[in-house]
Every structure is written in structure tokens, then in C-alpha cells.
Amino acid sequence: LYGCLCFLLLDSHIICSQPFVTIMFAGSSCTYFTLCSCFIRTDQLDGETDWKLKVAVSCTQRLPALGDLFSISAYVYAQKPQLDIHSFEGTFTRVGLLDLELNHLTKALFVALVALSVVMVTLQGFVGPWYRNLFRFLLLFSYIIPISLRVNLDMGKAAYGWMIMKDESIPGTVVRTSTIPEELGRLVYLLTDKTGTLTQNEMVFKRLHLGTVSYGADTMDEIQTHLRNPYSQVTQSSAPKVRKSVSIRVHEAVKAIALCHNVTPVYEPRAGVTGEAEYAEADQDFSDGNRTYQAASPDEVALVQWTESVGLTLVSRDLASMQLRTPGGQILTYCILQMFPFTSESKRMGVIVRDESTAEITFYMKGADVAMSSIVQYNDWLEEECGNMAREGLRTLVVAKRALTEEQYQDFESRYSQAKLSIHDRALKVAAVVESLEREMELLCLTGVEDQLQADVRPTLEMLRNAGIKIWMLTGDKLETATCIAKSSHLVSRTQDIHIFRPVTNRGEAHLELNAFRRKHDCALVISGDSLEVCLKYYEHELVELACQCPAVVCCRCSPTQKAHIVKLLQQHTGRRTCAIGDGGNDVSMIQAADCGIGIEGKEGRQASLAADFSITQFKHIGRLLMVHGRSSYKRSAALGQFVMHRGLIISTMQAVFSSVFYFASVPLYQGFLMVGYATLYTMFPVFSLVLDQDVKPEMAMLYPELYKDLTKGRSLSFKTFLVWVVISIYQGGILMYGALLLFESEFVHVVAISFTALILTELLMVALTVRTWHWLMAVAEVLSLGCYVASLAFLNEYFDVAFITTVTFVWKVSAITVVSCLPLYVLKYLKRKLSPPSYSKLTS
């Protein structure tokens, strides 16, 4: 609540949206930082698990005591509470392709219902109040519309989701959208992020380049040797010279890396210490084993951990200062004068510090090479070395500095403070003031950190490629880094060439480059976001058409908006099913734009995981999710949907034959409990047990991903398969009804008993005919349903002649009709498996 004074202990959980006036201790899963600031985590709100720095308002930061808060006069202006913690436009509901196809078939069945009713009234001769007879026939044939289809499918989808989450081979998988598990079985395009999705997002420092000398994993001990020199001697001799020694340059580079960041060392309180003494002592406890680092970016943590490994350790940091410990144990204190955080627009961050021992003021900055190349002084090695490191798969950062005099800093501070107080265009004015410092900065070093591939990424990508899925990697990283990862992860196979799309800026260049690319065959495409924007502006159709022919596509320097745009283009131009997978907040738009979104719970938080339809913990789990669960879900739902339609069509066919024989009378064949039991107790369990069916074992589906290709053609559910089931329904319905009429005894109830019993047996036998691999629950469902029907005969005196159904005559007539209706189908299935076996038959034999 606004105006409340809250006292929070370490790791407290609170619901808070207002700004901090002052902060005494950390809250909301916080770490102790200092008075007036703390680190918080919002994972209970938006899923983000990274630490966020919260700072008290400036007017209260220098209050000497907590009680002084009550003596100041201040107001808090805040916006009204909002239901959403983020403002975004997303897809909240999804409808799978299978549902759309079933809806089309249901519409066709509705047309058939109306047409059949009109035909019956027409053949009746429009006698009497024909419109009444029309409505009667509409009611009698209403079983053509599969009302229970949606219930069965939704129950099946829930079962598929339960199976996915209970699969021990993919632990931690969560199904967040239970309406589209079948979409996993029909994917053609998979669009994936790179960092944290294909890679581990665990940064390891690998390379330090100073322009004339480079240090790698095997020469890091040389850096330690340079740092062991008396630190005071090096810093004193670091005055401007024509050419600095290597030792001085190493010291300056490592010091810049140790100072230019937003990392905070955290010390756990010692056991048995409580209250204020706990924090006071913990603040002084700089033991290495008790220290951990917290930051919003794993890159920064990797850099600070590296400086610690070579001897320069960040031991303390608060809002106003930070302390470094040299290899000799000396503590260096720096006052933090200004901090410029990293933004995705600027692609850099900076800090202005004052060395308390020398009073020197230095502006340090680090960032991406594209942002820093125009800021640093002219050099002839930065661009080349950035490309070399990127080709090794390393993520690069350029580090630079600029020395400031006291007068220069005071001038900057006054202009910066004035810009921050501006009401209009504050952000632009602040950025302009900061940019005034970003000129002719001294280039210190180039760093390279490695983000290693996740486990089993290579075999997973190869499996997906063999399954006929085309993989597009959309990343914001450099072109060289993205290309290197594409090769090392086997996104691009060893036998394929790579066409790197030349940077284009206008229509003519785009036309020439597209013509050059059109002459290439079986090669992967690598294109930057800027070139992609130009090509989509002038040659959208041509570019998408050519890119879709490539076995793999890599788009680098992509913004989140571009990622979502690419997904929508694929959907519009190809009409195929797309899947997007990512792990960060910048992947949310792409995940929500795709037909099926998969999020990975990574180190960048859970925002992508919460926004996705399916959440997994590792990229390799996508193989089993698609090859096993996606494939089986689609085939099961296709069989279940068509069988539910068949169940309604066959009884409607029997009704039509019955009415035709009796002069097109609108009289129901079955009434009351028989109709209710037919759709529920007598056939529901066997039909629903089809969700347990499988054509091949999961191990075979993973071993032969080529089986997945057949599903993308939609042959399991199409108008062709639908017409086959319609023919089967008409044949069986006609046989059951005509057979009962030919073999019935002297009373009408005998016709009902014979035809209905044969109908139930036929449905049970058709389920057995449809099953490809028996599950023990299927057998239980068949026996249970048959037992329920036999047991209920004793209570159906109103519909059946109990004395007749216990005779041998009843048994042989029902058996004969059932055999005639089902035996030809069993024979046809046997001949089809022999003459035209399905692709999976060799794996099940």
C-alpha cells in the first residue's frame, strides 16, 4: 500500500508494485545490497528469474536514519493499478489444424443431414404437413452430427497431455495448452533461437585480445603473471606514453573488465548471527568460498568470474562504490559516479568511476562491436579479430575507456542532471548527453566468451531433419557466430554449402543478390536482419519462396519483431504448420505467432516457458515430444474422430433404411434408453480406448524419424479417409437393417433386438479392427462394454422380448448379420497389408 512503512528480512516474499522511497533491507527474494538499494526477483509474477536492481528515489538516499522519513514532506505519483503486469498483444487461444479439418467434415455431415431429410420428404410425396415430417426426419437423423465428438476429443487431448507430462524420458515437460497436442505431429518448419535454446547460456571466458597479443585458455597464466607485479608500480607507470608495455595494457584491460559491469557480490550470513549484526559482519566477510555473483546477464557474471580467476577480485559493491582485491591482497576502492545500463537499442553499457587513491576519473564502456566500432579510436584490428572470434563461436565484447578531468566530469554531470529533469523527450536528451562522452575512446581489449551447445543438440537436429522438418535459426547474434553455431550444431549438414547473403541496402542490390542465390542448389541460407528487411520490402514472395527451398536458414541480428514477422510469413506463403522454440523474453512474440510454441526454462527466466504451449527443460526433449507424442497424438485423434463419426452414420443409415421400408414413415427405430446407451455405456469406453493405440513402439519412432514425414501430408484424416468411413457406415448400416428385417420373427420387437444387438457387436468388432497395438485397457473396455450390454438386457423388457433373446435362433441370427457386416472389412484389411502395406508395417512385423 502506498504510504506504508514495511520492514522486510532477507528472502522475504512480497506483493509490491510501488516505487521504493528508501530501502533498509532487501525483500522479495532479495539479497543484501546496501541501504537505499536491493536486488529483487519477479519470478512469482512474470516468471523472470534474473535479479533486478531496485534503487530508492534520490531525495531519500542520504537520510541518516530511518526515522527521518517521517520528517520529510513528499508525495508519490503513480499510475492506477493494472490487471496485466505487461502490456502485450498475444494469442490467447489456439485451434489446431485437426480441429479445423474435423469442423469441415462436420459441416459436410450437416449438409448430408439436411439433404437426406429433404430426400425422405420428397420420396414421401409431400403428403400432409410435410414441413412437420421434415423436422421429424431432421431429429431422427440427428445422430449424423457427431455431438459427442468434441467431448471425446477433449478427453483425448487431456489424456495426451497427461502422458506427455508423465513421460520419464522428458522430465519437467509441462503442457500449458491442452487443445493442440496433435499439432506436434504435423510440423514442417521449426524456428529456433540460439542462445539458451541450442546453447547452454553458460558463459565461459575463452579469449582476451589486446590488439598485438591474444590470450587463450592455455595462456591465461601469463595474465596472472602480469597481475602479480606490484599493482601500485604498474598504475603509477601507466601515464600516457607513445606505446604502453604489455603488462600495463593487461592491467588496464583486466581492471576495466572488473569495473564495467552491473554485477554484485553476495555473501551468505554466517550461521548463528542474526539481526543488524548479521549484515554488518557479512558486509566485512570477504572470504572467497562465501561469495556468489548476481547479475541480470550471464555474460557479465562470466567476465567477473574470470577476473577473479586471474587475481583481480570484486569483493564488495554498493550503489556508490565498489572494491577490488589485487593478487597481493590490496583493496582498491572506486566511487561509482554514474552508471549507464545496457539496453537492446544501444547494445552497450558504461560506468564512470573515481579511483579514491589517485582521484582519477575514468569512463569505462563495453558493448557489441557494431556499437563500439564507431566510438573507439581508429584501429586496424578490431573488425578482423571480431570476425575471427565469431567464427570460433565466441560471443564478443569490446571494452574501451576515456580519462576525464574534474572539469569535464562536472560539466557532464550538470548537463546530465538537467537532461534527466526534462519533461519532454527526456530519454532522447539523456542519450544525447551520454553520447557526448562516447567519442574517441581508447580501445583496451576484445573479449570472447563461449556459450557451449546443449547436450545432444546435434543428434536432435539431425533427427528433426530426417523427419522432414526444416529448421530456421533466428538469433540476434553476429553473422559469424550464428554461422559457426549452425555448423557445429549440425543445423547445416557437412555435405551442404552455405550461401551468406551479402548485405544489401536498396532494391537493386537485393535484386542482384536474389538472382545470385537463385542459382545455388541445396545450400543453407545465412542472412542478416537488415538485409532481410530490405528484401521483404521489395521481394517478399521471391525471398520466402527461395528460402523455403533451403534445407536450413539462419537469420542473424534479428529483433523480436522480425522473428514474429518471419513466422507469419511462413504461415501465409506455405500454409504449413510452424513451431517456434525459445527460452527468453525476446522469443515470446515468435512463440505466440507460431502454430505451436515451445518454451525452454532457461537462465533468462520463464517468460518464454509461460507464454508457450509446451514447456521443456532441454532442447533434446523436443525430439521425443514430436516423434513420439506428437505423432501418436495426431494419429490417435484422427482415428478417434472418424470412428465417432462412423458411430453416428451407421445408426442413421439403419434409420433411413427402416423408414424407407415402411413407406418413408418418420418413426424412430430405437427409442429411450437404447439411444442413450448406444452413445455412452455400450460403446463409449471401447471407442475412447483408441487414445491408447500406437502403430509403432516409441523406440522405433525415435530410431526411424522418417515415419514422421507421412503425417505432414495429412493422410490420416482427409476427405478421402472420410469417404471411406462413410461407405463403410452405409454398407454396415444397410446390412444390419436389411438382415434384421429379413430374419425377424413375427413381432417388431424382434427386429429391434436383432438389429440393435448386431449393431453393438459390430461397433466392438470395428474398434478391434481399428486397433493396431493392443493395450490391456482396450481389452478391458471391450469386455466391460459387452458385459454391461448383456447385463442390461434383463432390464430392457420395454424394448426387448426377454424370452426371445435367450433362444438359439436369436443368437445365430445376430451372429450371421454381424459376420456379414464385419468379415469383408477384416478381409480387405488383410489384403491391404499384404498388397500395399503402410510404411510402419516392417517395423511392427
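Glycine is treated like the rest: Cβ placed from N, Cα and C.
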With D193, K194, T195, F342, K366, R395, T475, G476, D477, R557, K563, N586, D587 listed by TrEMBL as ATP-binding, which of these, E300, E435, E438, E513, is given for the same site? E300
Helix, strand or coil: which one is R395 (ATP binding site) in, per DSSP? strand
Of D193, T195, F342, R395, which is closest to D587 (Mg(2+) binding site) if I measure between C-alpha atoms? They're all recorded positions. D193
CB neighbours of G476 (ATP binding site) within 10 A? 22
Whole-number Å only: compute the distance from the Cα of G476 (ATP binding site) to the Cα of D583 (Mg(2+) binding site). 13
Hey, of F342, R395, R557, which of those binding-site residues are within 10 Å of D583 (Mg(2+) binding site), Cα to Cα? none
Return the stretch with the most CB pairs under 8 A relative to the transmembrane segment (802-828), choosing among 134-153, 722-742, 748-769, 776-796. 748-769
Looking only at the domain 'P-type ATPase C-terminal' (610-837), what is the model's average confidence as pLDDT? 90
Could you pull out which residues elsewhere in the chain have a CB under 8 Å from any CB of the transmembrane segment (672-692), counting only those six or more residues past its ends? 143, 148, 152, 155-156, 159-160, 636-637, 639-640, 643-644, 647, 651, 752, 756, 759-760, 763-764, 767, 770-771, 775, 777-778, 781-782, 784-785, 788-789, 792, 796, 798-799
Could you tell me what the rest of the chain brings near the transmembrane segment (722-742), counting residues at least six beyond its ends with Cβ under 8 Å? 105, 108, 642-643, 645-646, 649-654, 656-658, 661, 669, 751, 754-755, 758-759, 762, 766, 813, 816-817, 820-822, 825
